[in-house]
Amino acid sequence: MITPTVKMRILSSSHLFYLALCLLTFTSSATAGPETLCGAELVDALQFVCGDRGFYFNKPTGYGSSSRRAPQTGIVDECCFRSCDLRRLEMYCAPLKPAKAARSVRAQRHTDMPKTQKYQPPSTNKKMKSQRRRKGSTFEEHK
């Protein structure tokens, strides 16, 4: 007859075996060496690594690059024809963009619109100026 302590030891040893098997599986996949990635697998891996930043297929170069230089090697050359690791994939990620401040509609005033000048026909302006002159001259005469 099997006692409860014997059952516990049998159960524990089987759990220990499965635990060791899981650990070996996860550690071997986590420490796996570089692998080759081509086509959709390469794009999926770049999207996973780079996220929202996006990525380049060729390494970004400076503005002064000329076409006379040696042809560039891209991610396909490095990861499809040869094997590459995670660090190599990260080199092709686009740089982070600075976060834009969120603008609230409530924060904007309704008076932010530029004020337009009131339009007055030119004839009205001349009449008003002449009336002012007359008033000014009559005022001076009464003094």
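Cβ atoms are placed via backbone N, Cα and C, with glycine included.
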Can you tell which of Cys38, Cys50, Cys79 is bonded to Cys93 by a disulfide, based on Swiss-Prot?
Cys50
Taking Cys38 as one end of a disulfide recorded in Swiss-Prot, give the other end from among Cys79, Cys80.
Cys80
Match it up for me: which of 7-14, 95-102 does Swiss-Prot list as region 'D'?
95-102
Which one is it, Cys22, Cys79, that Swiss-Prot ties to Cys84 with a disulfide?
Cys79
Show me the subset of Cys50, Cys84, Cys93 whose Cα is within 10 Å of Cys38 (disulfide bond); these are the disulfide-bonded residues I mean.
none
Between the C-alpha atoms of Cys93 (disulfide bond) and Cys79 (disulfide bond), the distance in angstrom, to the nearest integer, is 14
Students should find that the Cα atoms of Cys80 (disulfide bond) and Cys50 (disulfide bond) sit apart, in Å rounded to an integer, by 18
For the disulfide-bonded residues Cys38, Cys50, Cys80, Cys84, Cys93, which Cβ has the most other Cβ atoms within 10 Å, all shown protein chains included?
Cys84
DSSP residue counts for the region 'A' (74-94), split into helix, strand and coil:
10 helix, 3 strand, 8 coil
